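*Asks:* So TrEMBL lists the following for this protein:
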- 319-432: domain 'FAD-binding FR-type' (DOMAIN)
- 47-68: transmembrane segment (TRANSMEM)
- 88-108: transmembrane segment (TRANSMEM)
- 139-157: transmembrane segment (TRANSMEM)
- 202-226: transmembrane segment (TRANSMEM)
- 238-258: transmembrane segment (TRANSMEM)
Amino acid sequence: MKTEAVIQVGKLKDSTGANSFRRRDAPDPLYFWAPLIMGNFVANEGLSIFVILVWLGINAFLFVHFYMAFLVDRWFYTRVLLGQALSWARAPAACLNFNCMLILLPVCRNLLSILRGTIQCCSRTAARQLDRNLTFHKLVAYMIAFHTAVHIIAHLFNFEFFMDAQLNRNSSHLPFILSEIGTGDNASFLNPIRSNETSPTIVMFTTIAGLTGVAITLALILIITSSMEVIRRSYFEVFWYTHHLFVIFFIGLVFHGYGRIVRGQTPVSQQTNKPNVCADRFEDWGKNESNCAVPEFAGNPPGTWKWVLGPMILYVCERLVRIYRSHQKVVITKVVMHPSKTLELQMKKKGFSMEVGQYVFIQCPSVSRLEWHPFTLTSAPEEDYFSAHIRIVGDWTQALYEACGGDKPEQQDAWKLPKVAIDGPFGTASEDVFRYEVVMLVGAGIGVTPFASILKSVWYKHIQNNQDVFTKKIYFYWLCPETEAFEWFADLLQSLERQMADKDMADFLSYNIYLTRWKDTEAAHFRVHHEAENDPITGLKQKTLYGKPNWDNEFANIASNHPRSKVGVFLCGPPQLGKSLEKQCLSHSEADVKFIFNKENF
């Protein structure tokens, strides 16, 4: 007798009302994909999330700990005047100390370069977190702003309570009695407002805490508002100069607590005046038979310097290194004026050593003695010079362009070229590019510069028959709004294309160039009139594409072509594109293919 297997099929209705069929025994696809997606997310973002959670946890612990610390008996009489506003002022102050300790560390570029080189040999994932230093710097800044706001609001209430205690001059009320303590020699006062004729505004501008508090707040407001994307991109000089108000911020922060305005009962006084016993017997304070002496008060010694001294010393050392480097001689060997207002500087400096994808800070004293601007190096480590391509988009770059003779028809003599100072090079995510067997490089506009260094280095390595190159395949994507942006980079791509063809390695580099503001319909006429072997825009055999890439298809194709591989995805471009690519990395990473996302940040 023949036995047949029967599969039960049930008839279902979907949300549109149409009939559909589904095997009853088929498991939900989410059952398989959810753990995989979560695993990919942890692989790409796990350490970052862990660091953020630890940071938030420390902030929460400090807030709760110091909030509770001001609910003990020592601060009983202070709370009689201020209530819970005392703890609400002191808890964020502790968090401010902690975050101000951290805020300078992410901008110590030399320290991060040392750490990156040390950690990179042990953990690529840990080293990648250092590339997010500016993101963490911003998060810490937002936390400082939040705790500053809470601290200020709480103290505004505190000063109102101090003032009310002086105005309500009733000797039968404990707040007034406490406000009168220390009137004689003013040595042991509790209420910093010493008279009912004094206003909180006068105290604000006549005390150390008040003056430094105003200076700190104004500096912080200017720093944060000038750091907004629209100002930083359009008015970089405003961002640059206001950011240096951090010096005033830290000086004010260190001296803010020296006035000791917020005071608690001294330990010695607690022995002669126990608040839980003597608070209700304040009319008998100081009398022999009362066993309740007049309480004495003192403020905590300033402790902010203990938190910020170490980072401040590190940052001073960082600036000293920058000053030393700025005095080392740099020679501009060649200036190239590319189309679309892009300036290329080729330079030499004794002892300069670089890796692919690194960046430097450039200062031109004839333009500004204070401003340093970051630029990615476009030269390869194998070349005997280092270069940077600078797009002319602001006042500083325009002044540098003119100083190098960009606005003159004749070539500038070498002795007339301006002096420049170089700080760096500093590491970025692109340094790890040759650690992956398969690599995706995505550049947008001038964001292609770090990949110029990588592609040049690849070219040199193959010329020299370097057998140590781990990378077997590179996918290069360049997105530009208009044709002018291609012009300075096309020569390099043409050289690479010829070189790879001569060495029978045409498959090593796949490149796709997109004109994002051109649609296929707009480009159709252009194609018809320029049918040729090479692309009429770039001169490459690979034709230029129009519109935006379909990233879902691109990632799917790479995943299918390279099973059991780790694919390094490197981006230098806008945040929106970064979010899109990061999402694709998570969704297309499978059990045997992992896409690891890396983004340039400087």
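Backbone N, Cα and C atoms are what each Cβ position is placed from, and that goes for glycine too.
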*Asks:* Using a cut-off of under 8 Å between C-beta atoms, tell me which stretch among 47-68, 88-108, 238-258 contacts the transmembrane segment (202-226) the most.
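*Replies:* It is 238-258, which has the most Cβ pairs under 8 Å.
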*Asks:* Across the domain 'FAD-binding FR-type' (319-432), what does the pLDDT come to on average, as a whole number?
*Replies:* 83
*Asks:* Give the nonlocal contacts of the transmembrane segment (88-108) in its own chain as ranges (CB under 8 Å, at least six residues past its ends).
*Replies:* 55, 58-59, 62-67, 69-70, 133-134, 136-137, 140-141, 143-144, 146-148, 150-151, 153-155, 157-158, 246, 250, 253, 262, 303-304, 307-308, 310-312, 314-315, 318
